[in-house]
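A.B. asks: Starting off with a structure, shown below.
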Amino acid sequence: MTQELMLFLKDLTIKKIHEGLKNKEFTAFELTKEFFDYIETRDKEVQAYLSLDKVGALAAAEAVDIAIAKGEDIGPLAGVPMAIKDNLLVKGLPATAGSKMLENYTAAYDATVIKKLKEAGAIVIGKANMDEFAMGSSTENSAFKITKNPHDLERVPGGSSGGSAAAVAAHMAVAALGTDTGGSIRQPASLCGVVGLKPTYGAVSRSGAIAMASSLDQIGPLTKTVEDAAIVFNAIKDKDPLDATSVDMEYGDDLLHPKLENVKKLRIGLPKEYFVEGMDEYTRAEVNKAIEKVKSLGIEVKDISLPNMKHALSCYYIIMPAEVSSNMARFDGIRYGRLDELQQDEPKSLLGIYHKQRGQGFGKEVRRRIMLGTYVLSSGYYDAYYAKAQKVRKLIKDDFDKAFEEVDVILTPVSPTTAFKIGEKTSDPMQMYLSDIFTLTLNLAGLPGVSIPVRQYEGTGQMPVGFQLIGKAFREADILGIGQFYERL
Amino acid sequence: MTHITEETLEYLAKLSRMDLADGEKKKLAGDLEEILNHFEELNEVDTTNVEPMTGGTAQRNVFREDDANTRSEINGSSKDIIDAFPAHERGYLKVPAVFGGEEE
């Protein structure tokens, strides 16, 4: 039963669900129930979900079935079971962001992206595990559980959106939402063998996402196919009055329906700085295969240079913790319900409560980044670190702008290695930070990037590898267009 | 080389309003030193006359209509939000005295 069910779920995409519902091969209710049946056994080992909402999901599925029965036109996301990263608010459900600080918090409203997904008829299955407040690259920093890579349970799924990536890779959701501040969608997508898109900064509203570093954060989809990623992105993007950084941008027909004749005209650049040291041999060989396959589409590929990329890690690890230290200031142990009630043994002053609750409620990595951010922003060090990093950030952005005069898309690896063993990098923060070396530059520059599996995972013991396509701002259509033709090869 | 002393740690903890456990201080100081020392490579980048990039967007001066918008439309009902407080009375959050309590 489980094996048969797995094969059925494995084969599902957003596209196939839409056709199946329209052709009455199954109902949304039946489908949703099957997902929960499968999750009940499979998630015992993968541990992708922090909480499930079976009652809400089945009610939402029924509403889709009623619409179909009435002969209403349903959109492409109607009846699609989705996992939502736990730092995105879904009204009435927990939103812990993987932290003890929010253990008792229930979301009072829907994030804008959730509102849009619900209007489109998508089914929220549950909330996916993550590194605490999205800080980490392995999901080992969750305060609640360690998510396993579905392809090898001794390995990490990547992070911070590790629960989202693992849920899709293990067929416990057809699609998921994650957030990406330095690679947190693309790196776990690569390590789990699924597709992950970080949209252009401003393309998707961040309202209702628990902020980590506000000038870098974006919400985006994790899916099984590039085509599905385009469908989810199309549904969640938009200008939103609740996020002043969101942008009103027209996307053409080519986002969902790219034409090969146009895709062929795109020029791809390979930055030499990305193909040097630090990458393992297997990953390099796989990315080279992807380059050859892209060339076989008839796309021109040439070498380019992004000279300031070598400074991106330092730049990112100054700006991000600086923003983290200010965003984390809102968690005082009182709001968002960390304390059930004010206990007798609490310190008698408000300040005392802050000190105690923040000291106990935040995990190690969050505390490390708050301290680091506070240091680089503190008087006497601000200019040397934060102000300097903002200037280097500009130089990095300028490098991309210059490169995009010559090419339309840039191809790079996603992660320097495949999925590593659980516990392998937890004691050395610098080692863990290097996991994001190829992805975080885009967040600094605000550009869109998609991680695409080099090939279908074959179960041969070799872990999946993804490659990254970087596009011009608001040109998701270019990178997803190449990706859609790539996956048909 | 940057050296993070115990006094620096205490100062940062005070600014962050966050207690540190005695057992974690040594490792934390070491981690911060390693990370800060890595940043020294930025000194070799010439940033003379470079404008700082202060955010993720090229947008400037975003305005909106000055319309009244009820909280419930934006951030859920106020009841849900107040219910998340550990203690409340007549819709107000209840906390210990801000002034006049224990000295820090």
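Just so it is clear, glycine is given a Cβ too, placed from its N, Cα and C backbone atoms.
Pulled the feature table from TrEMBL, pasting it below:
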type	residues	note
DOMAIN	A:30-480	domain 'Amidase'
ACT_SITE	A:K85	active site, charge relay system
ACT_SITE	A:S160	active site, charge relay system
ACT_SITE	A:S184	active site, acyl-ester intermediate
A.B. asks: What is the Cβ neighbour count of A:K85 (active site, charge relay system) at a 10 Å cut-off, with all protein chains included?
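C.D. replies: Around the Cβ of A:K85 (active site, charge relay system), 31 other Cβ atoms lie within 10 Å.
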A.B. asks: To the nearest whole angstrom, state the Cα distance for the pair A:S184 (active site, acyl-ester intermediate) and A:S160 (active site, charge relay system).
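C.D. replies: That separation, Cα to Cα, works out to 5 Å.
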A.B. asks: Please report the distance from the Cα of A:S160 (active site, charge relay system) to the Cα of A:K85 (active site, charge relay system), rounded to the nearest angstrom.
C.D. replies: 9
A.B. asks: For the domain 'Amidase' (A:30-480), what's the mean pLDDT in this predicted model?
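C.D. replies: Per the prediction, mean pLDDT sits at 95 for the domain 'Amidase' (A:30-480).
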A.B. asks: Taking DSSP three-state, what's A:K85 (active site, charge relay system) in: helix, strand or coil?
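C.D. replies: Strand, per DSSP.
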